[in-house]
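Engineer: Can you read through this structure? Questions will come right after.
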Amino acid sequence: MRFWFVLLALLGKEIYAYENERNALNATAANKVCGLSTYLKGIAHRVNSESAVVTEKLSDLKMRSIQLQLSVMRNRVPSGEQDCKDIRTLLKTVLRNEFTFQQELEEMRNASALAAAAAGLAAGRLEEWIFVFAQAAGRSSQFCISVGKTGPAEYNNLQECFDGTIGPETLYKIEDSRVKESAKTSLQLHEVLSSISFGSLGVKNIRGGNGKDGCNLVRTDTDGVLEGGSPTRHNLTWGGGVMNFGSYQNGSMYVEGGEYGDATEYGAVRWTEDPSKVSIFKDVIRLFARFQEAKNAVVKKIKTTVDELTKCIGQKEAELTNDQLYEEFIWETINRLELSKRVSEQSAFGEEEETIVKFNYTAEPVRGPFTVAGANAAAIHLSVSTAALCRSALLLGVL
């Protein structure tokens, strides 16, 4: 942003043209560009929201795993399911998968951070462009964004760009409701990008003004922003490659569709035909696709594992709330561990008959005064940790 303020300062007294045939950017195109900028900022909210859904699915998997273990301890695994015959192997696989899924979840979060960062950078480039053009306005014949009249566009003509009087403080921020709402739209990235293409906008919505608008920011001739223009060095681009100018463009802005590399002729003006080829959008497309791929992969794996678990869970265990499940599981585990200890001690004295009886125990355990509903946050956290430790112990030989 500092660069553009310096540019404006340097061009301040000569930023407007002194000859005719100087057109401005149409406010319609400016608003479309700002709409894209808002959508790109919203990608941060979008990836955070989608990541939270995956985290919730992983938590659900852990609960299904506990339900299954409780069903096993109470001999309530559906006997008719062929896939439930080798429960021990299934549980080990689930625990191993949980660890793998947690790693994949972290990789997905890293991908989401990169996608959000790339989108934020692209959004910044776009809004800096429109901000500079909106600020470059003086008398009725000197402005760089036009609304089809003899005067510059005001903030009410650029409501997709500014939330009030034109200025850096009124650009939409990432925490604004407008940006958050954009994250909820069903529009996909490629659809929003295509909305600013030359084919979507057309010349009439890009080239504004009446030919006497005096905008020097669309000139690359010797009197424009690139003084002493050279046909090999002094091409100009705005928006990171959205609007491109060849050397010696006098401001007439006879725009055609094309990319930065196509603006090679004298006086050429090319507005992107394919935004996916614009450099600032390439990283957004690539990194957002990587995030989506990582998200979809881990969601699919979690769903497959949950489906395998669900068909082996007893009906009563499936009906428990999460709080009830933790309480039941903890007390059942404590009871089983105590029982295993007693059996081990008795076995040392040859009490084989009692050992058999104990190992076939299926009664509900006697519970103490503990209830999750009445516990404080620290106790709940401790119970979750205890449950995780007990699950490992069960798989090591208690079951």
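Just so you know, glycine gets a Cβ as well, placed from its N, Cα and C.
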Engineer: From the candidates Cys34, Cys84, Cys215, select the one that Swiss-Prot records as forming a disulfide bond with Cys161.
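Structural biologist: The record-listed partner cysteine is Cys34.
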Engineer: Do me a favour and check the Cα-Cα span between Cys144 (disulfide bond) and Cys84 (disulfide bond); whole Å is fine.
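Structural biologist: Counting only the Cα atoms, the answer is 71 Å.
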Engineer: Using the alpha carbons only, what distance in Å do you get between Cys312 (disulfide bond) and Asn110 (N-linked glycosylation site) once rounded?
Structural biologist: 34
Engineer: Taking Cα atoms as reference points, which of the recorded positions Asn26, Cys84, Cys161 is nearest to Asn235 (N-linked glycosylation site)?
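Structural biologist: Of the recorded positions Asn26, Cys84, Cys161, Asn26 has its Cα closest to that of Asn235 (N-linked glycosylation site).
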Engineer: By a simple count, how many Cβ atoms lie within 10 Å of the Cβ of Cys215 (disulfide bond), its own Cβ left out?
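Structural biologist: Around the Cβ of Cys215 (disulfide bond), 27 other Cβ atoms lie within 10 Å.
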Engineer: What is the Cβ neighbour count of Asn26 (N-linked glycosylation site) at a 10 Å cut-off, with all protein chains included?
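Structural biologist: For Asn26 (N-linked glycosylation site), the count of other Cβ atoms within 10 Å is 25.
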Engineer: Work out how many Å separate Cys34 (disulfide bond) and Asn26 (N-linked glycosylation site) at their Cα atoms, rounded off.
Structural biologist: 13
